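Pulled from TrEMBL, these are the features on record:
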- 1-190: region 'Phosphopantothenoylcysteine decarboxylase' (REGION)
- 6-172: domain 'Flavoprotein' (DOMAIN)
- 186-408: domain 'DNA/pantothenate metabolism flavoprotein C-terminal' (DOMAIN)
- 191-410: region 'Phosphopantothenate--cysteine ligase' (REGION)
- ASP280, LYS290, PRO309, ASP310, ILE311, LEU312, PHE333, LYS351, LYS355: CTP binding site (BINDING)
Amino acid sequence: MERQSKIVVGVAGGIAAYKACHLIRNFKETGDDVWVVPTASALNFVGKATFEALSGNPVSTTVFEAVDEVRHVKIGQEADLVVVAPATADFMARVAAGRGDDLLSATLLVATCPVVLAPAMHTEMWLNPATQANVATLRSRGITVLEPAHGRLTGKDSGPGRLTEPEQIAELARTVLAGHRLDRTLEGKKVVISAGGTQEAIDPVRYVGNRSSGKQGFALAEIAAHKGAEVTIVAGATDKLDCPSGARIVKVVSAREMREAMLEHSADADVVIMAAAVADYRPETVASSKLKKGAADNQLDTINLVENPDILRELVATRDGGGLKEGAKIVGFAAETGDETHSALDFARIKIQKKGCDLLMCNDVSEGKVFGKSSNEGFILSKSGDVREVTAGPKNEVAAQIIEALEEIL
Ligand code: CTP
């Protein structure tokens, strides 16, 4: 069983404080020991009793409560992770200045564990040079400051400043807790990622498709965006997924639409990732009206398929032909099994050569798993022949490992 982590959830005084309740529940559901430290103004939005009931631990806001326990030092010293959501402009200013004038800021002064701040405020406050300077200071000290989401704020306005969804904050915070850094290594880079499955129309209501959820592509987008990249997701059919903070989504349906969108948006990209499950074939003809079962022309009994373009290979050819930015890195995906004579890794080695991409994330889907480890998710191969194992874990943690491999070749 995994070790229980001691997680401090800090809550600063903003309207998004109510969302901290979902974050606390999320951590509690995975069995973590959660200590909530609100600022005094956070209690204007959510009562102390709510935080105590949800966390199962006492809650105080000042260093003058439970003085005999030296709580302001103890909480910070014992924490495995501190997450502050929402982090307001004022709170970040106090932390950047090294203040310790309440229990939460004092806890941050003491903590040596990873610290994640999830900002929430009006767009003007977020973009204010003072806030941006404070964020830069905090990041330079190794604190992870997540990008706020774009969207509806309190009142009628909308823009960057919305709190990232609690589930996304929890997943990102766990990624940081697992040892992955969300530092700003992709600042200034443009990253284009395909995600989900394509749907190939048979007639106006039917299609040929696949079960891809799009989660891995979205997780890559999420990690890349929080590392400072400008991210575009070209999404086919996916599960209902939250748009990663700051990322842009271009919706497509078929493989041919995906090809067009990928070629268009990749033209000035630094990194292109093909995480989508592209249908290899499509119906040769698409009926303009719904086909009828048992019709004399048999159109539904036999569907002729024709091959779809291989987008990944075309992207590589385009780059080498000068269409993509010079030095752009291209990442492919593959799911492989071994057979009697070859391992999944052998097939992955053949595939990276065939596709010509710089990195290939290969999911080993053999039953016995290569290297005999049940924890083995797969491996990342590079064009130069390097192979690194990817440890099993949530898609965000797999995404972080792929981005780390990418950073090495960028
Ligand atoms: N891919 C693509 N265009 C296609 C098919 C696949 O761009 N028409 C991309 C996928 O997004 C993935 C990589 O190619 O990044 C490998 O996909 P996979 O289905 O494993 O490759 P195939 O060439 O179809 O090989 P296989 O015969 O093993 O299915």
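Every residue gets a Cβ built from N, Cα and C, even glycine.
Unlike curated entries, TrEMBL annotations are predicted automatically.
The shown structure was predicted, so the numbers you read here are calculated from the model rather than taken from an experiment.
Location within the structure of each feature annotated in TrEMBL.
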residue: ASP280; record: CTP binding site; contacts (Cβ under 8 Å, 6+ apart): GLU307, ASN308
residue: PRO309; record: CTP binding site; contacts (Cβ under 8 Å, 6+ apart): ALA255, ARG256, ARG259
residue: ILE311; record: CTP binding site; contacts (Cβ under 8 Å, 6+ apart): SER194, ALA255, MET258, ARG259, MET262, MET274, ALA276, VAL278
residue: PHE333; record: CTP binding site; contacts (Cβ under 8 Å, 6+ apart): GLN216, MET274, ALA275, LEU360, MET361, CYS362, ASN363
residue: LYS355; record: CTP binding site; contacts (Cβ under 8 Å, 6+ apart): ASP310, LEU312, ARG313, VAL316, GLY332
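Take ASP280, LYS290, PRO309, ASP310, ILE311, LEU312, PHE333, LYS351, LYS355, the residues named in the record as contacts for CTP: the widest Cα to Cα gap among them comes to 38 Å. Per-residue confidence over the region 'Phosphopantothenoylcysteine decarboxylase' (1-190) averages out at a pLDDT of 94.
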